[in-house]
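For reference, the structure is listed below as structure tokens.
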Amino acid sequence: MVTQLTDIFKIEARAIREGLKLVWAWSFCKVEVKSNIWKWLLYGYKMTLYIGREASKLWKRICAETATEINLLLDNWKYVLAGLFFQYIHGLAAHGVHYLHRPGPTLQDLGYFLLPELGQDKAYISEMVFTFVFLSFALWTLHPFIFKSKKIYTVLVWCRVLAFLVASQILRIITFYSTQLPGPNYHCREGSKLARLPKPSNVQEVLLINFPQGVVYGCGDLIFSSHMIFTLVFVLTYQKYGTRRCIKQCAWLLAIIQSLLIVASRKHYTVDIAVAWYTVNLVVFFVNKKLPELPDRSNGNSPVLLPLSTKDKDSKTKEENHKLLNGNSVDHADWP
């Protein structure tokens, strides 16, 4: 095969061009890969700085909020302790009425006609809904420790919640001790070993409420539902102090679902649920009228309204007495 000199030059030129293309492509990819690596490293460095800065802010926010809440707790610990102690009193009363319970035929109930019975194997559903409501509300009351935008003080909200619970539970104790109805729950029906409690052998057995069996398998404390007291108090509290409209709507929906599930699980009669709905709403309404309004923290420029400590109150009183002794009139605008 005869090849001219020009053909040889063309082949060499084409080879040089292709070689240059390969070298350029390889070098460009290498530079691009290195560039992408540096971009990711720079991004990771910036994210590390951002996370560290935000973590530092969060820790400072938690410490500041903890100091504020501790001061509030020191001023209101009597109310918190009294509210928590009454939860034990309420449990003791519910356990005591179990000794008076006498099983009998299940009463006629409109809710039992309208709602199908879930059965013993599905009775846990209503408890799951209640647990979700309880934990959600508890977490919401702790949000001032985490989020920058806040409207409430955790201690003050729980003082108010405990006041609602105590007032409602006092009415509940009076109600279920006034009339004992045969329990509709499965362990409260005739033939069940848990339907009746034998006479206590000692005082300790009563005071310890036979925990946890005495709490889970109680009978006789029907009117009105304790689960609905807690649920409605939580929903009404978030309705007033919460900020998310969609969460408020979901909370009311959960309260309705909880009511239907309790009746479908045959844990209460419909009257227990109905009485709880209007009683708790009225209790919250009238207790809110008596209690002072909580300070609103949604406005960041507003001063923090904390209760005066005993030392501050004493110094305030001494200052006013000093003015009176010197013949100066006291400006009533100075009083809190």
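Backbone N, Cα and C define each Cβ position, glycine as well.
Here is what TrEMBL says about this protein:
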TRANSMEM  79-100  transmembrane segment
TRANSMEM  123-143  transmembrane segment
TRANSMEM  155-177  transmembrane segment
TRANSMEM  215-238  transmembrane segment
DOMAIN    218-286  domain 'Sphingomyelin synthase-like'
REGION    298-336  region 'Disordered'
COMPBIAS  310-323  compositional bias 'Basic and acidic residues'
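Scored by C-beta pairs under 8 angstroms, the transmembrane segment (123-143) has its highest count with 215-238, from the stretches 79-100, 155-177, 215-238. Long-range Cβ contacts of the transmembrane segment (79-100) within its own chain (Cβ-Cβ under 8 Å, at least 6 residues beyond either end) map to 73, 155, 158-159, 162-163, 165-166, 169, 172-173, 176-177, 180, 197, 199-200, 206-207, 209-210, 214-215, 218-221, 226. Over the domain 'Sphingomyelin synthase-like' (218-286) the predicted model carries a mean pLDDT of 94.
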